[in-house]
Each structure stands twice: as structure tokens, then as C-alpha cells.
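Peer 1: First, the structure itself, so that you have it in front of you.
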Amino acid sequence: MMKTLSTISSFAVVLLYEIMKIGNSTSDFILLGLFNYTEAHLFLFVMVLTIAFSSLVGNALMILLIHQDVRLHTPMYFLLSQLSLMDMMLISTIVPKMAADYLSGKKSISPAGCGLQIFFFLTLAGGECFLLAAMSYDRYVAVCHPLRYPILMSWQLCLRMTVGSWCLGAADGLMQAAATLSFPFCDAHEINHFFCEAPTLVRLACADTFVFEYVMYICCVLMLLVPFSLILISYSLILAVVLQMRSREARKKAFSTCSSHLTVVGLFYGAAIFIYMRPKSYRSANHDKVVSAFYTIFTPVLNPIIYSLRNSEVKGALRKCMGQCATINHE
């Protein structure tokens, strides 16, 4: 574990060094943002802030419930707590800067800030890709091999998959942030987006980006399609087992647990594949901004709702927590 944390620290040091070198020779970028200053867009801006705040509260509550309730101290809920942590950090990476730019009217971002935003965004988004695959394996073992669950899904394996998800996401973020900012950029430093995203920033480069875009496409295949394929295989095997269950109650419980996970997977992977794997000729800045807002702002708020409303154990932990709070207030 300590060796892995040391590796992550080394990644961060290298990234900061690369970004600082680039920051000395590149002027600031301008983020055009998601909204203008009409009444309709002001309403949308307030709605986005409300959703982002709800996401932070919901995911923080999910982490608190999992930490406080002993019944939720299982690999499944530990992975879910990591998903909530990643969603909270993703919101914190994007929304505060977007809100500050809109309210102040100052939309500039330094190359260093842009590079860090790319790094953290890809670390968290990439980490989620692998974490969702780990969660699908957990469900496969729980449904298909329940008696062997403590062996096939041990705490040691759970921790390794979690750390591996963070490290693979960090490696992708490091590579893409450093490579994207290494290009010379044209005089127009306006980014038609509300945060620094590698595909959008590459469009401003005044150099041949074919090799980089090809490598980025390969990374997307590895980061998106490979985990997504593993998830589909896991749930195909789960479905085959569930359909053979004689107990109606067991089938209902298995479908409830797995359908919530599949909903999260569909929302997250669908949006990410749309952004990163579309042919260049089909890309539109406005479409990219809307879809990016969906999976960076709206999807994180859906995760705690989906998992809490469709999960009796989480609802039980929430009722227990509310009961304890009510008892404290009465005292």
C-alpha cells in the first residue's frame, strides 16, 4: 500500500514539474463557460449549483452511513464509498471554478491550473471506469458464488482493486495533461468549454496532433471499452444465474441490487463514450458541453439517490442514523 502511495506521489511531482515548465511559456487560456448572462441561463446556473451542492451532500451522507453502520462494512459498500468520494472530488474539481468565473466575469485560467484540472478530472473519471468494473465483479461473485464470496472477494483483493483504480486513473491523467499542454497553441486561447478537457484543448494546438489523438483514442479504448466489456460479461453471467433462481424473493433482491449498478454504469459510460470516442467530424462544442455537464455534474447526484432508494440496507442505515440524531436532539 505504501509503495502504491509513493508511486502516486511521484506522478504528482512529475506532473507539477511539467506544468510549471509549460506555464512559463504559455499565456492564460479563456474558458467561455456553459452559460451567458440571460435570465434563462441565470436560472440554469442556479439549478446547476443546487444540483452540485445536493451531490456533495448526498455523497458525503453515503460515505458517513457506510462508515458508521457496521452492517455496511463489506467490500460492496467500501467500493460504493470510493465511488462517492470520486464523485465529490469530481464536482469540486469542476464546479467551483465554473461558478467563480460566471459570477466574477473573469474567465481566465493559467496553464498550470488547466493542467491540474485535466489531471484531476481524468484521474477521477478514469478511476471511476475501473471502480465500476470492480463493483460488477463484486456483484458477480455475490450472486453467482455466494458461498465463496469471502474468498473470491476478500478485503485484500478489494483494497488492491481500489488502489489500482486510483493509480490507473492517475497515470492516464498524468500522461494526457502533460502531453496536451506540450503543444504550441495558436493566438486564440479561447476554450469553448466550462473546464479544461483534453479533447477541447487539443483543438487549439498549432501543431499536428494526429499521433496524440491516436494515442488518446487507444487510451479511451483501454479506459472505457475494456472495463465496460468486463461489466457486460459480469452482468450477462449474473442474469443467467438469476433467471435460474427458484426463489422469487431472491430474484427480486438480485435484480434490485444489480439494476441500480447498471443504471449508474449506463449513465456514466454512455456520456463518456460519446465525448471521447466519437469521430472528430461529428464533434460539436455545444453538444460536448452539455454531455460533459451531464456526467460531471448530474450523474454524481444520481448515484447516492439510485443506491439509497433501491437498497434496503442503505435505507435502514439512514433510518437508524436519523433515529440517533432525533434521540440526541431530544436529550
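The backbone N, Cα and C atoms fix where each Cβ goes, and this holds for glycine too.
Curation does not apply to TrEMBL; its annotations are automatic.
Below, the features straight out of TrEMBL:
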TRANSMEM  40-65  transmembrane segment
TRANSMEM  77-95  transmembrane segment
TRANSMEM  115-137  transmembrane segment
TRANSMEM  149-171  transmembrane segment
TRANSMEM  214-242  transmembrane segment
TRANSMEM  254-278  transmembrane segment
TRANSMEM  290-309  transmembrane segment
Peer 1: Excluding the flanking five residues on each side, which residues at least 6 beyond the ends of the transmembrane segment (40-65) place their CB within less than 8 Å of a CB in that stretch?
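Peer 2: Cβ under 8 Å, 6 or more out: 34, 72, 80-81, 84-85, 87-88, 91-92, 95, 99, 102, 293, 297-298, 300-301, 303-305, 307-308, 314, 317-318, 321.
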Peer 1: May I ask for the residues of the chain that lie six or more residues beyond the transmembrane segment (214-242) and have a Cβ under 8 Å from a Cβ within it?
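Peer 2: Non-local partners: 126, 129-130, 132-133, 136-137, 139-140, 143-144, 168, 172, 175-176, 179, 198-199, 202, 251, 254-255, 258, 262, 265, 269, 272-273, 276-277.
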Peer 1: Could you check whether the transmembrane segment (290-309) and the transmembrane segment (77-95) come into contact, where contact means at least 3 Cβ pairs under 8 Å with the two residues of each pair 6 or more apart in sequence?
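Peer 2: Answer yes, regions in contact.
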